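Participant: This is the structure I have questions about; it appears just below.
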Amino acid sequence: MTLLYQMVHFALFASVAGECVTTLFQDACFKGGDITVAFAPNAKHCQIICTHHPRCLLFTFMTESSSEDPTKWYTCILKDSVTETLPMVNMTGAISGYSSKQCLHHISACSKDMYVDLNMKGMNYNSSLAQSARECQQRCTDDTHCHFFTFATRHFPSIKDRNTCLLKNTQTGTPTSITKLHEVVSGFSLKSCGLSNLACIRDIFPRTAFVDITIDTVMAPDPFVCRSICTHHPSCLFFTFLSEEWPTASERNLCLLKTSSSGLPSARFRKNRAFSGFSLQHCQHSVPVFCHSSFYRNTDFLGEELDIVDADSHEACQKTCTNSIRCQFFTYSPSQESCNGGKGKCYLKLSANGSPTKILHGTGSISGYTLRLCKMDNVCTTKIKTRIVGGTQSVHGEWPWQITLHVTSPTQRHLCGGAIIGNQWILTAAHCFNEVKSPNVLRVYSGILNQSEIKEDTSFFGVQEIIIHDQYEKAESGYDIALLKLETAMNYTDSQWPICLPSKGDRNVMYTECWVTGWGYRKLRDKIQNTLQKAKVPLMTNEECQAGYREHRITSKMVCAGYREGGKDACKGDSGGPLSCKHNEVWHLVGITSWGEGCGQRERPGVYSNVVEYVDWILEKTQGP
């Protein structure tokens, strides 16, 4: 079948510029604007590739029916346009769409789908036997160099190749081509899903240079940006950053992206003014997107200029850059004149790879990056402006991840607390459901401060599924943790926002600011409170906690918080609610309110499910196939 071009333009032009368009247009092709061509197993994956490409705004994907030439099948054509859109023409078998950079919802590079009868081609560097495609996928996920895989089933025509798991990679991280092949299954590494078991090394080592193969060099203002660039480069495993004080002027601010056959540096040398570290691609549930809110003073980022506008401040300049979909970074030059009202010049810029082409210092300017991609990160890491006010009563928006879980039978009432951890997921305590027989009687209310706000017409989320840890027996024995899957996904707002799960790599973090929140009793014989209560509580070692609960065993699955002298504590009605701790300006869900003796009794701290110990279980249930 030949390509069918019918020059019939769709009415889809400037009206969509800068807007979020999620529709995929069947039998349609964007005309012009080609940047590069990749290969993808379907249009949705092509959209993911476009979204994470520094310049792609639109794409066209070619299905099998688009051409009689199989080499053109599965091509993903990435496109750009100064007007942010392109004319669209009819083309049989083509599917077109827009990058999700314009969208406010969470975007992930995670792709768990399996593609039956597709052979995704690349360099086959490892071959082994596996029992299933899932086993092969996990093997790829746990291999440092693997980008994608192909598994030959037990019905594969060649007997000697049956159950073979081929691990593959390419320079770009995407297949070099995709062909039809019966009795094979292909898929991608799940590293970007946060499901790798490889070691996660978060340290950045000062006065250190790594050797081995340098696969690319880019400009970066600091080692943290360099690490982000390495993390999102398909082949970068570790990096060395040369600071602005590096003795060779032409090499200053260079970010050297590196790899090795072993996956680790073969040697490291002491070098002043150099910093080295590792990609975070292997880190579980914490792979960040390129999001940097820092301002770099007395610094000029060079690149292709998109526009020059007036701005009151560097913050306003960054906002303008963020609101311009093609802007990747900016430089703000403060005004030296008083006649223009103090406005400075805001230079909006971009480059082929999303990084400055050169970085100059001592210019008096202030530079930084767009925040547009920050929403694509695990949104919980956004440094939301929560303010902890005095007293014991919370205010609106103070704890945007806190929910109140109501049961409607026999009469509607507050049952437990819980925490938003995803747009369709609530983490709470298993013991809340000891008497609940069906999710149909549950309602989740978010953004609520006072229970009295809840009326018959107050919007809520229905619960599709209750997932209780299969090892749960009773709260005092541990495993007191449960997930609620909502019937519909929520949109994030200032009063409805997820909290981060703690990373398994952060087990030794010393949290110094922890708060427990809920509508529970303030004393043993009391009633549910109308206004959301809060209490700042210190974490306690399990040994200290065990001393107060000799009749129970305090395990690593539990974490305790409270004061030795008693007083502030969680109580009845707080169950399932969050123990929220702040670290590096990011809030983490350290505990889920589980059990305790009394309310705020001396040497009887509150006992919480230790969330970090359940991260794998949470990810399995919320991100599993």
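Numbering starts at 1 and runs along the chain as it is shown here.
The backbone N, Cα and C atoms fix where each Cβ goes, and this holds for glycine too.
Quick caveat, the model's predicted, so the values are computed rather than measured.
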Participant: From the candidates CYS416, CYS432, CYS581, CYS599, select the one that Swiss-Prot records as forming a disulfide bond with CYS514.
Facilitator: CYS581
Participant: Have a look at Swiss-Prot and say which candidate in CYS136, CYS146 forms the disulphide with CYS140.
Facilitator: CYS146
Participant: Tell me which of CYS193, CYS200, CYS226, CYS291 Swiss-Prot records as disulfide-bonded to CYS255.
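Facilitator: Swiss-Prot says the disulfide from CYS255 goes to CYS226.
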Participant: Around CYS321 (disulfide bond), how many other CB atoms lie within 10 A of its CB?
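Facilitator: Its Cβ has 29 other Cβ atoms within 10 Å.
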Participant: Within 8 Å of the centroid of the Cβ atoms of ALA547, GLY548, TYR549, ARG550, which other residues of that chain place their own Cβ, given that this set defines the recorded heparin site?
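Facilitator: Neighbours within 8 Å of the Cβ centroid, excluding ALA547, GLY548, TYR549, ARG550: CYS545, GLN546, GLU551, HIS552, ILE554, GLU603, ARG604.
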Participant: Sorry to bug you, but what's the C-alpha spacing from TYR549 (heparin binding site) to CYS136 (disulfide bond), rounded to the closest Å?
Facilitator: 46
Participant: Looking at the recorded positions listed here (CYS283, CYS327, CYS416, ALA547, ARG550), whose Cα lies nearest to that of ASN491 (N-linked glycosylation site)?
Facilitator: CYS416
Participant: Indicate whether ASN491 (N-linked glycosylation site) is helix, strand or coil by DSSP.
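Facilitator: DSSP assigns ASN491 (N-linked glycosylation site) to coil.
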Participant: Using a 10 Å cut-off on Cβ-Cβ distances across all protein chains shown, tell me which of the disulfide-bonded residues (CYS346, CYS416) has the largest neighbour count.
Facilitator: CYS416
Participant: I want to verify one value. Collapsing DSSP to three states, which class is CYS200 (disulfide bond)?
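Facilitator: Once the DSSP labels are grouped into three classes, CYS200 (disulfide bond) ends up as coil.
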Participant: Going by Cα-Cα distance, which of the recorded positions (CYS50, ASN126, CYS283, CYS317, CYS346) sits nearest to ASN90 (N-linked glycosylation site)?
Facilitator: CYS50
